[in-house]
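A.B. asks: Pasting a structure here, questions to come.
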10 protein chains.
Amino acid sequence: MKRDELTEKILDIKRAKGWSWKHITTEIGGMSEVLVVGALLGQMKLVKPLAKKAAQLFELSESEERMLNETPYRGSPMPPTDPLLYRFYELIMVNGPAWKALIEEEFGDGIMSAIDFDMQIEREPNAKGDRVRISMSGKFLPYKYYGAEQGIPELGYKED
Amino acid sequence: MKRDELTEKILDIKRAKGWSWKHITTEIGGMSEVLVVGALLGQMKLVKPLAKKAAQLFELSESEERMLNETPYRGSPMPPTDPLLYRFYELIMVNGPAWKALIEEEFGDGIMSAIDFDMQIEREPNAKGDRVRISMSGKFLPYKYYGAEQGIPELGYKED
Amino acid sequence: MKRDELTEKILDIKRAKGWSWKHITTEIGGMSEVLVVGALLGQMKLVKPLAKKAAQLFELSESEERMLNETPYRGSPMPPTDPLLYRFYELIMVNGPAWKALIEEEFGDGIMSAIDFDMQIEREPNAKGDRVRISMSGKFLPYKYYGAEQGIPELGYKED
Amino acid sequence: MKRDELTEKILDIKRAKGWSWKHITTEIGGMSEVLVVGALLGQMKLVKPLAKKAAQLFELSESEERMLNETPYRGSPMPPTDPLLYRFYELIMVNGPAWKALIEEEFGDGIMSAIDFDMQIEREPNAKGDRVRISMSGKFLPYKYYGAEQGIPELGYKED
Amino acid sequence: MKRDELTEKILDIKRAKGWSWKHITTEIGGMSEVLVVGALLGQMKLVKPLAKKAAQLFELSESEERMLNETPYRGSPMPPTDPLLYRFYELIMVNGPAWKALIEEEFGDGIMSAIDFDMQIEREPNAKGDRVRISMSGKFLPYKYYGAEQGIPELGYKED
Amino acid sequence: MKRDELTEKILDIKRAKGWSWKHITTEIGGMSEVLVVGALLGQMKLVKPLAKKAAQLFELSESEERMLNETPYRGSPMPPTDPLLYRFYELIMVNGPAWKALIEEEFGDGIMSAIDFDMQIEREPNAKGDRVRISMSGKFLPYKYYGAEQGIPELGYKED
Amino acid sequence: MKRDELTEKILDIKRAKGWSWKHITTEIGGMSEVLVVGALLGQMKLVKPLAKKAAQLFELSESEERMLNETPYRGSPMPPTDPLLYRFYELIMVNGPAWKALIEEEFGDGIMSAIDFDMQIEREPNAKGDRVRISMSGKFLPYKYYGAEQGIPELGYKED
Amino acid sequence: MKRDELTEKILDIKRAKGWSWKHITTEIGGMSEVLVVGALLGQMKLVKPLAKKAAQLFELSESEERMLNETPYRGSPMPPTDPLLYRFYELIMVNGPAWKALIEEEFGDGIMSAIDFDMQIEREPNAKGDRVRISMSGKFLPYKYYGAEQGIPELGYKED
Amino acid sequence: MKRDELTEKILDIKRAKGWSWKHITTEIGGMSEVLVVGALLGQMKLVKPLAKKAAQLFELSESEERMLNETPYRGSPMPPTDPLLYRFYELIMVNGPAWKALIEEEFGDGIMSAIDFDMQIEREPNAKGDRVRISMSGKFLPYKYYGAEQGIPELGYKED
Amino acid sequence: MKRDELTEKILDIKRAKGWSWKHITTEIGGMSEVLVVGALLGQMKLVKPLAKKAAQLFELSESEERMLNETPYRGSPMPPTDPLLYRFYELIMVNGPAWKALIEEEFGDGIMSAIDFDMQIEREPNAKGDRVRISMSGKFLPYKYYGAEQGIPELGYKED
């Protein structure tokens, strides 16, 4: 059994039952819906109690339940050909240089974590047409200069 | 003269003067700093009054000022090899399928605009290590079904 | 069930019945034929009443009908190896720079929407050989300069 | 001298003079502006009398004038990273399958020529936001079945 | 049913029967053998009377016969890894620049059509080792300069 | 000095003098024009007496003359973005499978040489529009089965 | 039936029987083992008498025997990810420029044939660790200058 | 000035002076040599006091010293064609699946940081040929499940 | 049977039994766990006695046991889309140039072997968050200068 | 100074002097000509005494002499577009699977080293056309199973 076969089975059941993602994530609960939907689509791991709930909801076998609890091989095809996803890709292509300049000026040399990371998607009502509001928060991880001598001022990144 | 030669010149002056981006965007003013920095890095257009201010600040020629006011050929190399930018790219690869599922369930068939789009980057103080907070807001653009007959319920997307 | 399996099934039935696309789009009605054919080929969503008609015409199951009403993961392989499609691709490669120059001079900084977009394909009779006439109309979407100060003239893009 | 060096020189002069494309194409005249702009950007050939006018306008040398009259090595980078051009690319990815189905049903086996091809770009005023209107007309070229026996009905494509 | 499944079936029958392509193209007749073999391999359309003959020869179903009469999605993988096909690919890589220079000097700005195109492959006996002789003939298609003013000499391409 | 710098110099002189390729190949003589033009464009070697004539014609230095006599690193970018060259590329993609089937049936297992190869390009007058006629003749090279036992019939390829 | 399905079947039988390649090539005989193994792996053609022997050994059907006698679509994925094969690939990347310089100085303008080509792989005992010895011998094929005038010395490649 | 021009200048000086990296890193001091060499090669940032020392050693201008203190756009071409670097790349290709399985079993769902990361390269004397010893230590970063309900056992990743 | 089908079967059994890799490698024993897991995932060969133990543990057929003892076609897709593996890939992109400089200065011209190579992965407890410790040791292989004259000092690499 | 600039300079001098590679390698001596030519073309390192001789021959500066003694970043573009080099590439594509099968059966699990590697290119006179003879000899490097228990027979690879 491959993870994408399980994903296809889950989507088939969702379609046959006529369930929405909201219904599914409410039934499973326990984590933000982005994470639960990501796991059902084969990109995230469902922790055990949630995998159990998902298995009950979709009437999965014990092996399928365990597969939901496994960390998948993450990643989907790039560049995305789907217009909805491509717009995010384009945002990086166009704004990436400015993001890098501003984040490094504010935080120093490092990155925003994509692992210790949280995100919400919301509808933002607007008279000229509703907007999609996306809020991301990722821990800043400074490049560590191991081996650096004590007492060099700029090296004073403190580990949290 | 090519746009990236102008970008290189601007970065040379910034370095020689020891200016920060905050200093530069405050001097030029008028738009969010992401847009001004993007323009100075060759990915955005500076509107005329701001191009004038930028030209005064960097002592640019009239042709260089006009070039800042031109819409550039946008886009930077993908996939990004720089770790800071790659993390954003990875977010799309891993979370893209869930984003698509949830946005389409909430908004219907369409996309979040990357053109009618606003964004802020902020520092989020946190005892365990400060976080990068990114807030995006893009207008939702529904796929239009031109040629559709009147009176079909689900077709009732109204134009703004 | 995957969307391309449904597409294959629909094409098998079309072939077995000897139907033309004109026959199919007339039977289903309700939207321009480009959109209906696009949906049956797995690139567009059929709104519910049309998905119902399509299901009746092709004698699809309820799950298949629901799948036609889902937004697919859009996109087909690029560059197109088929000569008919490649000619469109070539038009962008060769004429793209001129299109960008002329659209930006006329409309300012922005894009022609591929979402709020309409299109017709027609036969244009011609003594020297008939021609394919394609008419496209897409809403112009100006880049928004959020955060811009009031009263800067060139920033006066008004939201519709 | 390479063609893109000539293009860069022409753009430098255009910027220094503050000319619009409309001004330039009016001065040069003689062909549709898409073709003249395409030639000045290095994707089309300017016929001799127009190359002469372009040379006078931009004060080019005789060698540069001759270069404008040469057929260039056509093509620009794909996929386009610039959002304005990418939208056209996306239209092919998403609508290509339907275009192929409908054109072949209407015209038979063949292609729309990208060589015997005409095109206009116009502004379409619209209360909800102006639209870009693009009209294309390309000669349909049927696949020729040379060597086919006489009298086979479907083979009766007549050469123009 | 997919076109390559039909191709595989046809090759299985050819192998089981021990037929040569010459036998098959003689049986089907009606067009040059390159076109008939191309159609059986899924790259060309067989016109109806020939599709009927092919169906009789291979004892195909009615749906399979109709599929042979459909225009396929053309194209095979590039660059070709097979040595026989790679040599043709190499000829373009090495000789392409000279072909372009000579064809454009002789014919003006345009292309040799790959659609209105005829081709023969023959054995050329030679004491030092027989040779493959390939003769191609494609209609020259000049770039059309629509919108061009009357009376400009070099614009005088006449449409056929 | 790089070969493409020499090519650029030769094209600059050709343009400044207003010479045609026919003039140049007539002056240099000695080989088919496809080969001479190929050499001047950096894809072929000019044998010494012809390199001398070319050097006289273009007033090249001794080093440049010697470079023309060197075998270049052959090859130009693929896939070709230029429409004239792309049509040849497409012919391989679409017709390749049939060529392979027919050549192997006629000649056995092997290839048409791209090295022991001759080619002419001619104008073929035609009332419906002139045609480009290309005649190729390449030696057939059979795969050699070294180590094969004597007396196996099908192994009886004789070396030339 | 596809060629790689036949390859998989042959490998399954080899594994089930516990045969070595040496055993198999000895049983089939008639050609060097590189060629026989290559054919069983789907990259070479087995001539009829050997295909018959292979069919007897592996108890193949008549269709499978005929498939072994067909010229396959040659080629395996590149760059090779397997370390054993990658080392050969690397040898070309690193030594290619020197090979080209030395072969052309010794032989003139041309190539080493990959078709009229022979090869042995042997073990070379060595106290510091045995070595793999590979001996290749390919016919040198000079570029032919058809159309060249008689009597030009350097053109005096004689055809074999 | 671009970062790779500065790198080229530094390498020119190193060569002219005949310095080793050991000499250079000893002179500059302050951080592990991997980081200092990385910075001089344009992949890392040199903190201010070290940039000052580097500037003194190489007699750099103030702008060049500041550039060494900037975070570069990181990344070098992949896949690496150089054999020394390719071997590391191959290690990931071949061992990656096992690393993922073992790290996730030991640590749970997450990654080894490439940012909070330390590394040493040492010579390991060995009678059969010295060995390269590489020791890496990266902080394990668990995927965070924000939005998770309290009290779900497996969710009990504690933030550091 | 293909190697990845065997891998899938092994993972299905592991999941159904609820075994950890530690349990499996303890049961099979005999080699480091990285190698055993690599073999079960299709990237390494299991030597005969271990293949036998693995076959007993997973109740494999004799053919499957033999397949585990075959050297697989190694390699997994690159660049890795999974974040855990990508971080290793990034380490090469960013640190590669410094590794090359330092290893060559210390060892001379050569590589660290990826074949005569050993590796351990360990947990490194740390109050600020545990760390992944990876220790690699690969034999240094100097480029051999065969054909070199005796007595040239720098050529004095001794073979082990 | 970059290594390819030095290569270009060396080729310019070789051309101006009219030297052959044989002359150059004889003058420099000390190693096989493949290695010396490889170094002059920027793919190998010249050991110090040979770099000195090369510097005298080509009248290079001290910095240029030192650069010849540096290990370059190895590798040239792949796939090779030049026909001479492509034939080697094709040999791997077509024969790779058989080489892997035969080498592994003879030597066990491992590779032929591309580092401890020797090679000769010779002319093999032949009445039917001379042949290029290439002899390669690379040390076989077995995959090491570190951590393997003592006394497992198949693990008995002895280190040299």
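Placed from the backbone N, Cα and C atoms, the Cβ positions cover glycine too.
Remember, predicted model here, so these are calculated numbers, not experimental data.
Pulled the feature table from TrEMBL, pasting it below:
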ACT_SITE  D:Arg87  active site
ACT_SITE  D:Glu90  active site
ACT_SITE  D:Ser113  active site
DOMAIN    D:74-146  domain 'Cyanate lyase C-terminal'
A.B. asks: Could you break down the residues of the domain 'Cyanate lyase C-terminal' (D:74-146) into DSSP helix, strand and coil, giving a count for each?
C.D. replies: 25 helix, 27 strand, 21 coil
A.B. asks: In the predicted model, what is the mean pLDDT computed over the domain 'Cyanate lyase C-terminal' (D:74-146)?
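C.D. replies: Over the domain 'Cyanate lyase C-terminal' (D:74-146), the predicted model scores a mean pLDDT of 95.
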A.B. asks: Near D:Ser113 (active site), which residues of its own chain have a C-beta under 8 A away, given they sit six or more steps off in sequence?
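C.D. replies: Same-chain residues close to D:Ser113 (active site) (Cβ under 8 Å, separated by 6 or more) are D:Gly138, D:Lys139, D:Phe140, D:Leu141.
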A.B. asks: When each of the active-site residues D:Arg87, D:Glu90, D:Ser113 is checked against chain A, which show a C-beta distance below 8 angstroms?
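C.D. replies: Only D:Glu90 pass the 8 Å Cβ test.
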A.B. asks: Which number gives the other C-beta atoms within 10 angstroms of the C-beta of D:Glu90 (active site), all protein chains shown included?
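C.D. replies: Here the count is 22.
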A.B. asks: Mind giving me a neighbour count for D:Arg87 (active site)? Other Cβ atoms within 10 Å of its Cβ, every protein chain shown.
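C.D. replies: Its Cβ has 23 other Cβ atoms within 10 Å.
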